[in-house]
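Asks: Before I ask anything, let me first share the structure, which is written out below as structure tokens.
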Amino acid sequence: MKLCVIIIASLMVASVSGRLRKIKGTELDKKMLLEKLGHGMDIRFEETPRACSKKAGEKCKSNCDCCGYSTLCGYITEGKEVKYQCMSKTSNNKILNTVGLGVNAIENMLSFCFR
């Protein structure tokens, strides 16, 4: 019984590795063909410099509009109206404000601004 399980497992491993090798071979063939034709498969993303134009308190549409490492585009509700503006202060408490500025800086860093 154990021998049967070992044989079946080894056949499955051999089958999977053979299929993976075949898939890898076809990918290499496609890549070599594209290189011969002069087309590479490399895709490069480049982040352009941020074009921040808004200071804290001005209207904004996204985090990329606001200048400052911890300045984000947040919203304020006035009645039923929602206004978006650049803001960096998160709390009146000094400790909570420092933590909030750190969180804002991380969130601002994660907003990739591609233009």
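Cβ from N, Cα, C; glycine included.
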Asks: Need the cross-check against Swiss-Prot: the disulphide partner of Cys73, picked from Cys52, Cys60, Cys64.
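Replies: Disulfide pairing in Swiss-Prot: Cys73 with Cys60.
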Asks: With the disulphide bonds as Swiss-Prot has them, who is the partner of Cys66, out of Cys64, Cys86?
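Replies: That record, Swiss-Prot, gives the partner as Cys86.
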Asks: When you measure from the Cβ of Cys60 (disulfide bond), which residues in the chain that are at least 6 apart have a Cβ under 8 Å away?
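Replies: Listed in sequence order, they are Lys54, Cys66, Cys73, Tyr84, Gln85, Cys86.
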Asks: Applying a 10 Å Cβ distance cut-off over all chains shown, what neighbour count does Cys73 (disulfide bond) have?
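Replies: Result for Cys73 (disulfide bond): 20 other Cβ atoms within 10 Å.
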